[in-house]
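J.: Below: one structure in structure tokens.
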Amino acid sequence: MEATQKKSALSVNMTEGSLWKNMLLFSLPLMLTQVLEVLFNLSDVAIAGKFADYRALGAVGSTTLLVSLFTGLLIGMGSGVNVAVARGLGMGDRQRVEKTVHTSFVLCAAIGVVLCLICVLLARPMLALLHTKDELMDGAVLYLKIYALSMPAMAVYNCGNGIMSAVGDTRRPLLYLSVAGVLNVVLNLFFVIRCHMAAEGVAIASVIAQCLSALLIVLHLLRRKDACRLELRRLRVHPQEARRVLAIGIPTGLQNAIFAVANLFVQVGLNSFDAVTVSGSSAAANADTLLFNMMAAFYTGCASFVSRNWGAGKTERIVKSYLVSMCYAAGVGAVCGLLLLFFGRSFLDLFANETAVIDAGMQRLRIMSFSYVVSPLMDASIAASRGIGKSVGPTVIVILGSCVFRVIWVYTVFAWLGTITSLYLLYIFSWTITGAAEIVYFRRSYKKVILSAQSW
């Protein structure tokens, strides 16, 4: 018990002290970690666009939604690990934490292998479903197949990151990903400039970097002395702990995948325009990925703080953690949105040389810059619900508010107007509707949890 509750100098206290201060201390390293993780793909896109040509940029960009679909499932499993471990730590149950840690690694690694095989075997049919341009198809297929080889390592990294976040240590994952990120950029430049590769070169660089980040986090967990220590001989699936992890991880992963599926329909609409518009939108979409991952640090903080305080019986800090995380995320969305509005062309210049492509990208940024501040209404509420063990309800709401609504929008509003602006506007309407429903769901779930006081 003592080892379970022992505080590391690098860990943030989630159950005591100022929530504004502790949430920020917890989330800032995690935000930088998220940004570096995004930079893996951004460096792929930037180097492909600057040192190859627009076809290489379009090929990499054409895989973005599929990559998001599968990595979203892995990130969801990491969230399940985070909540399950945090709850056990809050309760002070060392045995429960130990079983959860070892069960989680087996589950995540297995899922990573399965997703890798799916991508390798079905890359071309999946890209064909998206109506990928013929001139981009071969490069996109090759990139996706190679990138898929990183998914087992990505699954292991997200599992380890979930465990360390539950402890309150978000600094070490930042260090590990920094090392891997530098390697990724160096290898990107080497393969593309020195070896004269295109999409395949940047994919290989990402695979190597992801494997390094996974190795570093595993080596750390093997050396830990507390309940989160990883011991290879104890790797097995404990049914009860597996159910706890999957109860959060699968709905959360599906929720992440649902966003990607919904965006597949958006991609189909986007692909009805010319290759320049597709490339410009792909370049601008990197801003979405970057900002959403920055704000996601506060959602992870929300789920971790809520779960730890729920396990510790400090219910008064649950709602406060939720509101603090929402405020921080909305602030990031507002500030970064304004920066992109005024400096968007400089941002897009990192990914493309052609003026026409940059102009097309600015069409997207002008609309999205005002939309980012709305998304925390939805995502922070989902994270808070997940923190109290509720993940099915939020997933159903996301299916209706994001997937179904976006499909209807594409085949009605966009089909009627046929403009790129009408396609981009669906995001802010979707987030507003879904956010309102998620807030109502969390309020009702919180009241039921507090009144019933039943164990998870």
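Each Cβ is built from the backbone N, Cα and C atoms, and glycine gets one as well.
Just so it is clear, the model here is predicted, and its values are computed rather than measured.
Feature list, courtesy of TrEMBL:
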TRANSMEM  64-85  transmembrane segment
TRANSMEM  105-126  transmembrane segment
TRANSMEM  146-167  transmembrane segment
TRANSMEM  174-193  transmembrane segment
TRANSMEM  199-222  transmembrane segment
TRANSMEM  243-270  transmembrane segment
TRANSMEM  290-310  transmembrane segment
TRANSMEM  322-344  transmembrane segment
TRANSMEM  364-384  transmembrane segment
TRANSMEM  396-417  transmembrane segment
TRANSMEM  423-442  transmembrane segment
J.: Going through 174-193, 290-310, 396-417 one by one, which has the most CB pairs that fall under 8 Å from the transmembrane segment (64-85)?
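T.: Ranked by Cβ pairs under 8 Å, first place goes to 290-310.
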J.: Do the transmembrane segment (146-167) and the transmembrane segment (423-442) share at least 3 Cβ pairs closer than 8 Å, excluding pairs fewer than 6 residues apart in sequence?
T.: no
J.: Does the transmembrane segment (423-442) reach the transmembrane segment (364-384) with at least 3 CB pairs under 8 A, where each pair is 6 or more residues apart?
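T.: With 3 or more qualifying Cβ pairs, these stretches touch.
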J.: Would you say the transmembrane segment (364-384) and the transmembrane segment (290-310) are in contact under the rule of three or more C-beta pairs closer than 8 Å, pairs 6 or more apart in sequence?
T.: yes
J.: Could you give the residue numbers and ranges of same-chain residues that sit at least 6 residues beyond the transmembrane segment (364-384) on either side and whose C-beta is under 8 angstroms from one of its C-beta atoms?
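T.: Apart from its flanks, the transmembrane segment (364-384) reaches 255, 280-281, 284-285, 287-288, 291-292, 295-296, 298-300, 302-303, 306, 318, 321-322, 325-326, 329-330, 333-334, 336-338, 340-341, 344, 347-348, 394, 398, 401, 420-421, 424-425, 427-428, 431-432, 434-436, 438-439, 441-442, 446.
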J.: Which sequence-distant residues neighbour the transmembrane segment (396-417)? Criterion: at least 6 residues beyond either end, Cβ under 8 Å.
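T.: Same-chain contacts beyond the ends: 255, 258-259, 261-263, 265-266, 268-269, 378, 382, 423, 425-426, 429-430, 433-434, 437-438, 441.
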J.: Between 105-126, 174-193, 322-344, who has the most Cβ pairs under 8 Å to the transmembrane segment (199-222)?
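T.: Selected stretch: 174-193, with the most Cβ pairs under 8 Å.
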